[in-house]
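Annotated features, as they stand in TrEMBL:
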DOMAIN    B:1-177  domain 'Tetrapyrrole methylase'
BINDING   B:LEU9, B:ASP84, B:GLY87, B:SER112, B:ILE113, B:LEU163, B:VAL221, B:HIS246  S-adenosyl-L-methionine binding site
2 protein chains.
Amino acid sequence: MLYVVGLGLGNEKDVSVRGLEAIRRCAHVYLEHYTSVLGVDCEALEAFYGCRVTLADREFVEERVDGMLHQAREADVAFLVVGDPFGATTHTDLLLRAREEQVDYEIVHNASIINAVGCCGLQLYNFGMCVSMVFFTDTWKPDSFYDKLAVNRRNGMHTLVLLDIKVKEPNMEQLARGRKVYEPARFMTVNVALEQMMEVERTRGEALYGTDTFVVGLARVGQPSQMIKYGPISELARHEFGAPLHSLIIPAPDHTLHESERDMLRSFR
Amino acid sequence: MLYVVGLGLGNEKDVSVRGLEAIRRCAHVYLEHYTSVLGVDCEALEAFYGCRVTLADREFVEERVDGMLHQAREADVAFLVVGDPFGATTHTDLLLRAREEQVDYEIVHNASIINAVGCCGLQLYNFGMCVSMVFFTDTWKPDSFYDKLAVNRRNGMHTLVLLDIKVKEPNMEQLARGRKVYEPARFMTVNVALEQMMEVERTRGEALYGTDTFVVGLARVGQPSQMIKYGPISELARHEFGAPLHSLIIPAPDHTLHESERDMLRSFR
C-alpha cells in the first residue's frame, strides 16, 4: 500500500494522527522535497516518527517513482508531502501512475497553503485561480500571472500568489562541464515578488495595480512565528518578513470586500 | 488561551498531533456543529480525546461566544471546527471578537473541503470562487450562483459547489406557536443540487450548462468510503452517492483541461 500523507505547514506535529499511524507502519518513508518545505528539517521528522526518511528531490520523483511503486506492491510505503498531497501537479501524476500499475494507495489530507491563507481574514470561497511567480532572469520574465490576476480582480476575486522555490537546482555552468553541482536553496520573498509585479506592470501598463494597491504579505503560515502584514505595495516591498516560506495575496478591489474581511485585514495593518 | 482546532474531514483521527495535544490540555472543549459534520459522532471524539465535548450549534455561536471567550481568559479552551477553521465566515467573526477582547488564540489548521477536492484530479490552483447551493423552497430559489459559475467557466476555472446543510433548524410552524422544535438534519445530495441547477438553467436560459455537461460528484471526501464520479449531469443526477456530505464540481470547459486532469477524471468515469 502507498500512503500519500500531507504533513501540513509547520512542524513534525502537524501531521494527523491517522497520518502518523500510517507512517509508523511503513517499511519505506520518502519526503517530497522540492515543491515546498516544512519549518523543521528531516531529522526532526525522523526523531518523531522513529524511522528513516529518504529525501525525494525532483530527480527522484521523475526517475525513481517506478521503484517506489514496486516497493509499495510488496510493503507499506509512505510518500510525505508538505501541505496537502494535491498542492502540486506532480503528485497527481504519481497517483495516475499508481492507478495504471494497480498499486493501492490511500490519501491522508492536511492543510495546504491554499486553505490556510484564510488566516488573514479573506474568505476562502472568494479566491479566484492561484498564480505563480517565478524568479525572473535577464532573459526570462514570464508575465502570464498578469492576465489571470486581471480576470480575478475584474470579477471581485482574491488572488493567492505562490512564490518560487528552488531546492537542489543544478548549476548550469558546472553541468555544461559535466559536473553536477547544486545551487544553494532559494525561496522567493514577498519583497522580490512585489518588485517583479511592479516591473511587469510597467511593461504591460494596464494599471491593474500600482504602488498604492493594498496587498497581504504572509510568512511561515501555520508556524508559531507566522507573520501577516496588510499594506500598500510600496510599504510591503520594503518590509522584512524573515525566514521562508512567504506568500502574497492580492485582494479583490476594496469596495467588493465584506465587512468582516475589511475588519480582519485592518488588524494586520 | 483559545485554541481553534480544525478536525479535518473524516473521523476522530484526522486531527493533527498538535491539535490533539492542545485539546487534551483544555478545560472546556466545544464542537462547532452547524456548518459541517464529521463522519463520526461526538461520542467518538469524546472517547478519543478523553474529555467532554459540548456541541455548539448556531444559537450557541451567535449568543454564547462571549461566555466562551471569558472562559478562555482564565483557562485553555478548544473550539473545534470540522475541516479547517477558516472554512466558514462565522469563525472569522469569532477571531475578530477574540482580538477585540484581547483573548489570545492559536489556530490549528487542517484539511478543508476546499483543498481536499484536489483528490478528483482537478488542479487546485485552477479553481475560481466557490458557490453555495441552498435548498430551494416554493418561494425562494436564489440563483446568484449562476453568475459566479458563468465568470468561472468563461475564464477557464473550475467551480466547487458547496451544498446546503441544515442542522438543528427550528420548525417555523411550531416556533410561531411559541414552541422550539427542531427539524431533522438535512444534507443536500448531489442529485438535488443538479436538479436545482437545471431548474435555474431553464429560467436563465443562457446555456451555461446542460444535461450533457460533465461534472464531478463527490461524497464523503477524506473518508474511507469516499466516492468520486465523473459524468454528464443527466447521469449523475440519478446516481446514488450514499451518506453525506456531498460536494459537486463543475470543471472548466473540457478543452481548457490539462492532460493530467483529463486522465484523472476519466478514471472516475
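For all residues, glycine too, the Cβ spot is worked out from N, Cα and C.
Keep in mind that TrEMBL annotations are predicted by a computer and have not been checked by a curator.
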Can you give the largest Cα to Cα distance in Å, as a whole number, for the residues B:LEU9, B:ASP84, B:GLY87, B:SER112, B:ILE113, B:LEU163, B:VAL221, B:HIS246 that bind S-adenosyl-L-methionine in the record?
-> 17
Pop the mean pLDDT for the domain 'Tetrapyrrole methylase' (B:1-177) in here, whole number is fine.
-> 92
Quick one: of the binding-site residues B:LEU9, B:LEU163, B:HIS246, which have a CB under 8 A from chain A's CB atoms?
-> B:LEU9
For B:LEU9 (S-adenosyl-L-methionine binding site): intrachain residues, at least 6 apart, with Cβ closer than 8 Å = B:LEU38, B:GLY39, B:VAL82, B:GLY83, B:ALA111, B:SER112, B:ILE113, B:ALA116, B:VAL221, B:GLY222, B:GLN223
Going along the chain, which residues six or more apart from B:LEU163 (S-adenosyl-L-methionine binding site) have their CB under 8 A from its CB?
-> B:SER132, B:MET133, B:PHE187, B:MET188, B:THR189, B:VAL190, B:VAL192, B:ALA193, B:LEU245, B:HIS246, B:SER247, B:LEU248
Rank the binding-site residues B:SER112, B:HIS246 by the number of other Cβ atoms within 10 Å of each Cβ, and give the residue at the low end.
-> B:HIS246
DSSP-derived class (H/G/I helix, E/B strand, else coil) of B:ILE113 (S-adenosyl-L-methionine binding site) = helix
Which three-state DSSP class does B:HIS246 (S-adenosyl-L-methionine binding site) fall into?
-> strand
